[in-house]
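**Student:** Below: one structure in structure tokens.
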Amino acid sequence: MIDPKDKNLPVIDTEDSQASEHVKLSRRLFLGGSAALVGGAAAMGATMGGALMPSVAHASTDAKHTVGPGELDEYYGFWSGGHQGEVRVLGLPSMRELMRIPVFNVDSATGWGLTNESKEVLGENAPLNGDCHHPHMSMTDGQYDGKYIFINDKANTRVARIRGDIMKTDKITTVPNCQAIHGLRVQKVPYTKYIFANAEFRMPHPNNGLNMDDVEGYYTMFNGLDAESMDVAWQVIVDGNLDNTDADYTGKYAFSTCYNSEGAIDLPGSMRNERDHLVIFNIERIEAAVKAGKFITLPGSDVPVVDGRKGSELTRYVPVPKNPHGINTAPGGKYAVANGKLSPTVTVFELAKFDELFADKIQPRDTVVAEVELGLGPLHTAFDGRGNAFTTLFIDSQVCKWDVEKAIRFYNGEKVDYILQKLDVHYQPGHNHTTMGETRDADGQYLVSLQKFSKDRFLKCGPLHAENDQLIDISGDEMKLIHDGPAFAEPHDCMMVHRSKVKTRKLYDRKDPTFATTVAMAKKDGITLETDSKVIRDGNKVRVYMTSVAPNYGLNEFTVKQGDEVTVIITNLDEIEDVSHGFCMVNHGAQMEISPQQTASITFKADQVGVHWYYCNWFCHALHMEMRGRMLVEPA
Ligand code: K7E
Ligand code: CUA
Ligand code: CA
């Protein structure tokens, strides 16, 4: 085990070490590359401060991975935008950015956070910042169904849903009585009924300022959200805190890692124990407890809260070394792997044993079928569907490819080399992900490794560096690095879906629920959105309805009075794919997208008299510059 407080951490006596040959080798390499960095207080921090030795990786250029001009990618990648707050859509293997989906941020191109439709999704007074980590697509029978992509917001304790057909955010839920939603996964089987969302930080309950020193009394909760309504269905009180989560392929279990079984409120305290734990949640029992009324509610919310602390029938706690981070279920669901972070090990669970564990026929550790060393700082594991696993080693700056069955045999005493290959990545990887790898359809084509540091890999842009998302070909026996992709803060996680699973709309459906409220308002005003361009006055509220057809707005001008609250509602009648219009009212902080057959609206105050031009801000036509009009503001 690594003692992160050991100042000599990277200087490991390989003679005395119980480490396998592979671990010894990688430690020696690590020493050679960064001996100057010794002295950090924590293992994870040891390499963060200084520069690494520049490393030259020779990218293989294989025609198979080249996506030529005009050719389409094989996979969609959905990338977390980290604390930038959005989700990004990439094509793979080209790694080209295809789209950005604003979620917890403001986006002036689309008007997200500015339009009335987006404000309805975000909610009144919603924070317009976020910290996304884990994008995951809804599934049916353990396969992606293309319907939704879910993403957490650690910064404001929220979960958002993106519609797969239009790639826009359509629901956001704030989880009550919690702080910092981190780990997020979906129920895989029989379908995504629940989104599982970990709240990370323990806090007092009630959090009323009277019990802040009662640290022992703090707790956090595991949350099940209904994927359709996006309501929080139930919350489970746990011991320790929660980090990452995943689900099985029977629909019966979800499980979360905990790095702070100590219940500490400081860093050294949270590294005191050699083992923390994996909490296993029995979904059927949680549902039954809620149904039987065996729950409490907490102030300000009517969400049923059940108690899953140690000794509860709803959960089991399996000791795992040390401050474990990622937990990843192998395709098909025979195994799940917890990643040791401060221990050089991964822990392999056999999920079929969970039934016996909940029947009290075996002990928690009896579910562990292997616990083997891979290298320093294992954070996340991905799978190729052929029995191989790929684990990121943060401190070693490597991806380790290993054979799960061989690791189990090694753990059982057989002399077998379970490590197949270690590949340098640049630098310090966090999450990794394989194509289709979190589903039954894992196809073992590509692995993306998301590095927290790019150091010397790109042209410098000042003190803040891009991160480095590297694409690795895993289709053969050897992993091959084939692409470096600079990324802005901070793609913790991503997922890759074969393009056959994603069905997007070319045009909006006129009945699309994203503008249903606006349609209802128009109806009240006696307006037919598809034909009318008309101004409705309602006291000092003015609603300006207009259509758009390239290169014209339905109204060339409209007149209001100073001080009016003006809502501009535009319906784009174009039926040609890709002909989106925009609307921008100059000097009024108002702009938005109106895609074909969409209705969008934005509200602003007409506080200055005189002529104010509005214009189309999405290039739509040879006469796009001419697509404009005047707002005439008369003195009140
Ligand atoms: Cu950065 Cu999944 Cu939030 Cu690991 S998490 S790296
Ligand atoms: Cu319409 Cu540009
Ligand atoms: Ca710990």
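Glycine is treated like the rest: Cβ placed from N, Cα and C.
In case it helps, TrEMBL gives these features for our protein:
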TRANSMEM  29-53  transmembrane segment
BINDING   His133, His182  Cu cation Z2 binding site
BINDING   His134, His431  Cu cation Z3 binding site
BINDING   His325, His380  Cu cation Z1 binding site
BINDING   His492  Cu cation Z4 binding site
DOMAIN    537-636  domain 'Cytochrome oxidase subunit II copper A binding'
REGION    540-636  region 'COX2-like'
BINDING   His581, Cys616, Cys620, Met627  Cu cation A1 binding site
BINDING   Cys616, Trp618, Cys620, His624  Cu cation A2 binding site
**Student:** Of His492, Cys616, Trp618, Cys620, the binding-site residues listed, which put a C-beta under 6 Å from ligand 2? Please answer none if none do.
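**Tutor:** Only Cys616, Trp618, Cys620 qualify.
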**Student:** Does DSSP give His581 (Cu cation A1 binding site) helix, strand or coil?
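**Tutor:** In the DSSP reduction, His581 (Cu cation A1 binding site) maps to strand.
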**Student:** Considering Cα atoms only, can you say which of His133, His134, His431, Cys620, His624 is the nearest neighbour of His325 (Cu cation Z1 binding site) among these binding-site residues?
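**Tutor:** Going through His133, His134, His431, Cys620, His624 one by one, the Cα closest to that of His325 (Cu cation Z1 binding site) is His431.
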**Student:** Taking just the CA atoms, what is the gap between His134 (Cu cation Z3 binding site) and His492 (Cu cation Z4 binding site) in Å?
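**Tutor:** A Cα-Cα distance of 7 Å.
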**Student:** Check the Cα distances from Cys616 (Cu cation A1 binding site) to each of the binding-site residues His133, His182, His380, His431, His492, His624 and keep only the ones within 10 Å.
**Tutor:** His624
**Student:** Enumerate in sequence order the binding-site residues His133, His431, His492, Trp618, Cys620, Met627 whose Cβ-atom distance to ligand 1 is under 6 angstroms.
**Tutor:** His133, His431, His492
**Student:** Cα-Cα, whole number of Å: His182 (Cu cation Z2 binding site) versus Trp618 (Cu cation A2 binding site)?
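**Tutor:** Answer for this pair: 36 Å between alpha carbons.
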**Student:** Can you give me the average pLDDT across the domain 'Cytochrome oxidase subunit II copper A binding' (537-636), rounded to a whole number?
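**Tutor:** Mean pLDDT, the domain 'Cytochrome oxidase subunit II copper A binding' (537-636): 98.
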**Student:** How big is the gap, in Å, between the Cα of His133 (Cu cation Z2 binding site) and that of Cys620 (Cu cation A1 binding site), rounded to a whole number?
**Tutor:** 35
**Student:** Quick check on the domain 'Cytochrome oxidase subunit II copper A binding' (537-636): DSSP residue counts for helix, strand, coil, in that order please.
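**Tutor:** Output for the domain 'Cytochrome oxidase subunit II copper A binding' (537-636) reads 0 helix, 58 strand, 42 coil.
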**Student:** Near His624 (Cu cation A2 binding site) in space, meaning Cα within 10 angstroms, which of the binding-site residues do we find among His380, His431, His492, His581?
**Tutor:** His581
**Student:** Cβ neighbours within 10 Å, counted over all protein chains: which one of the binding-site residues His133, His431, His492, His624 has the most?
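**Tutor:** Per the Cβ count, the most surrounded site is His431.
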**Student:** Quick one: which of these binding-site residues, His380, His581, Trp618, Cys620, Met627, have their CA within 10 A of His492 (Cu cation Z4 binding site)?
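**Tutor:** Cα filter at 10 Å returns nothing.
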**Student:** Taking only C-alpha atoms and a 10 A limit, tell me which of His380, His431, Trp618 are near His581 (Cu cation A1 binding site). These are the binding-site residues.
**Tutor:** Trp618
**Student:** Could you say whether, by DSSP, His182 (Cu cation Z2 binding site) belongs to a helix, a strand or a coil region?
**Tutor:** strand
